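Some features that TrEMBL has for this protein:
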{"type": "DOMAIN", "residues": "84-136", "note": "domain 'PAC'"}
{"type": "DOMAIN", "residues": "164-297", "note": "domain 'GGDEF'"}
{"type": "DOMAIN", "residues": "306-559", "note": "domain 'EAL'"}
Amino acid sequence: MCIHSKGNEQIYLRALKRADIALWEWNIENSTFFLSSNYSHIIENSKNNFKDLFDFIQKTAADADTASAKNDLIFFLNGNASTYKSEFRVSTNAEEIKFILIRGKASRDIQGKISLISGSIEDVTEKKTLERHIDHLAYYDSLTDLPNRLLFVNDLKAALDNSQKGALMFMDIDDFKLVNDTFGHDYGDLLLIIFCQLIISCIKCLGKLYRISGDEFIILTNEFNSSDELLKLCGNIFNYLKKPFEVKGDKIYITISMGITIFPKDASDIDELYKYADLALYQSKINGKNTFTFFQRQILNSYRRKIDIEQELKSAVKNNEFYVLYQPQVDTVKNQVVGFEALLRWQNAKLGSVPADEFIPIAEMTGNIVEIGEWVLDSVCKTINKMKAKNHDLKKISINVSPIQLKKYNFANRFISIYEKYGISPSLLEIEITEGTLIDLFSYKIETINTLLKRGVKISIDDFGTGYSSLNYLTTLPISTIKIDKSFINNIYNKKNKSIIKCMIDLSKSLNYEIIAEGVETKEQLNLLSEIGCSIIQGYYFSRPLTMDKAEKILIKKRNFGGI
Ligand code: C2E
Ligand code: CA
Ligand code: CA
């Protein structure tokens, strides 16, 4: 429908005014520029005298936007777009910023040259603010207000596109789950906020901090002159973390692990750099946490080996690649074998013999340990069954149980059904749980252990003294044995260490626990242990882990263990 009357034009103008739209026309042939009077109202700016569209941009656009706004116009005038469209910031009389969207179409003369352009100007501030808010939500983490993974990827991409040099420093708070589980998520959130502030103050202007997920952060550094600068930054961060954090009036210490990769030295591909920093971080975790690692090619090799192990482990039970060795535990006073520890061995066609220390953590990570652990229990129960059938004086065999197995909801039932299958007494079985695992389980799943205890299965605390300071669990759980970790025995010659071991022994005795010293290799260690009251010994001094046949022979001979 066409509307020509003067009255209707008024309706148009009113509508445009309400819609915050102004109209303009640039007659290039006549060199005139018209701007509807409501423009000043919309933009709240009294400037209204312009020679042409370039002049309009020059006089109104914010300095930072002038060049791009002019480029938009040139782009259109050069025939690269059928519609002219440009968005830029302008300031009001009160120095406030508004966003305008300017649009137009061209009329051409007979030769096809643009003779006139006309269009509209719209105030799009509200839309822009909303867009920015949405952008903020998409690119910033709501808890810490730090840029997130998405922005990290964009920024890294931009740095790589501009051939910048820099580094990615991947950080992960050690055992953060423990903080959340112990103090609650609100407390954990607060700690994260304080942690970020601290890291930002360490970084200063050397880079930017991003929150990647939960307790994972990345620093993307600016260009640096030497790796000494990176080392200095790491040193600063680790120094700051030596001080406690104050959260809700409590003092709490946290440590972090860090993995660092340098670009373009290590790689210039986003995925590769991310993987390298992650691998270096993983290496820091393996090295005992609270440390940083620079990515090196050799880390990649150990990663490949890990992948190989992961792959080969999948079919190891099915292919019959595992076997169990039994290491005697000897009572030096009574001169007899009081038990064995079952130790798993893996012989693989491609990888050869892989040490338990290497493949068990990987099997734990992939979850394979559940199937493998059941195989070990089955194999040990079979051995006990055979030994008992031959009337050997076997007192117990202890089995290492991983936390992953314990956390499986039906662990106790599976365990019971396996020893029942071989008709053996549960009192011949002991499960070795590391101190750390026990603490971790304390809050939940403790009933799993209790179910087994009620049946008569014994519990032994492995690697005692290496984990946590809380001794609470010692009095709460009916433990039967404590195994003093090899690291203490290695340093038993040290006076302080000897006193610590003596303390552990006295504590165990007062609680009526059996105590076993692990990793005893020399006569000297044996004598020192006897001196302070520890008589049960496991270690190379008496015997390395043995095949079932050899273990059996020891039981038959009731061999005198005066030392081998
Ligand atoms: P662990 O439970 O602390 O086992 C003791 C480790 O010390 C064994 O290493 C044993 O061979 C070694 N050892 C014993 N006496 C001596 C000694 O006098 N000197 C030295 N240097 N070492 C000694 P192994 O068999 O390589 O096992 C390493 C770890 O792998 C074990 O540490 C245990 O955590 C894990 N593991 C072994 N078998 C199993 C299993 O069936 N299931 C699970 N979940 N873990 C297992
Ligand atoms: Ca053990
Ligand atoms: Ca141990």
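The backbone N, Cα and C atoms fix where each Cβ goes, and this holds for glycine too.
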Secondary structure content, the domain 'GGDEF' (164-297) (per DSSP, counts of residues): 59 helix, 38 strand, 37 coil
For the domain 'GGDEF' (164-297), mean pLDDT (0 to 100): 93
The domain 'PAC' (84-136) - residue tally per DSSP class, helix then strand then coil: 12 helix, 30 strand, 11 coil
